[in-house]
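Peer 1: So TrEMBL lists these for the protein:
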BINDING   THR7  Mg(2+) binding site
BINDING   GLY29, ASN85, LYS86, SER87, ASP88  GTP binding site
Amino acid sequence: MNNPPPTIGQNIDKMNLFGFDTEIIDMGGQKYFRDLWDSQFVDISGLVFVIDGSNDSKFEEAGQELTRILQFDELKDIPILISVNKSDLPNCRGINEIAEAIAMTPQTQRSSQFFTWVRVSALIGDGVSEAFSKLMGAIRQHQDQVRHSGGQRQ
């Protein structure tokens with residue numbers, strides 16, 4: 001089975017996911033695109049951070065990038081889905097192993113951030129629907145909290 005090519009630049013899709021009219025912006029992860037990521041953080045409802053679970057040599061770099069983007073105020077109370085991709089491959093690491101490898105500790109996360117981890121295979125679609133269902137549920141919960149707090153972000 002062939003691997004799909006990585007995203008180059010950005011792809012934008014609009015769709016309805018679990019009752020939400022959603023705009024998904026898929027940003028490339030190559031070094032020269034990372035400085036553009038924060039331009040998309042304005043008025044977002046959720047974030048998916050994808051880690052290649054089969055590439056141990058990239059875990060440290062992924063952890064550094066995740067830590068970097070978590071410092072942006074725009075993301076301080078936004079639900080974040082950390083997606084471990086390529087779960088269909090035998091060398092794909094488990095969530096706990098990757099969390100440890102990227103040094104994802106409670107100190108890395110702000111207390112107001114909601115994180116959930118999932119294993120998926122984008123290639124065969126395994127776990128993708130469940131992952132977005134979890135993210136949309138977290139977004140809905142967050143929006144309810146904002147509404148009940150008088151419109152102020154937490």
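Even glycines carry a Cβ here, placed using N, Cα and C.
All annotation found in TrEMBL is predicted automatically rather than curated by experts.
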Peer 1: How many neighbouring Cβ atoms, not counting its own, are there within 10 Å of the Cβ of ASN85 (GTP binding site)?
Peer 2: 22
Peer 1: Looking only at Cβ atoms, how many others are within 10 Å of the one on SER87 (GTP binding site)?
Peer 2: 21
Peer 1: For LYS86 (GTP binding site), what is the tally of other C-beta atoms lying within 10 angstroms of its C-beta?
Peer 2: 20
Peer 1: Are there residues of the same chain, six or more positions away from ASP88 (GTP binding site), whose CB falls under 8 angstroms from its CB, and which are they?
Peer 2: SER121, LEU123, ILE124, ASP126
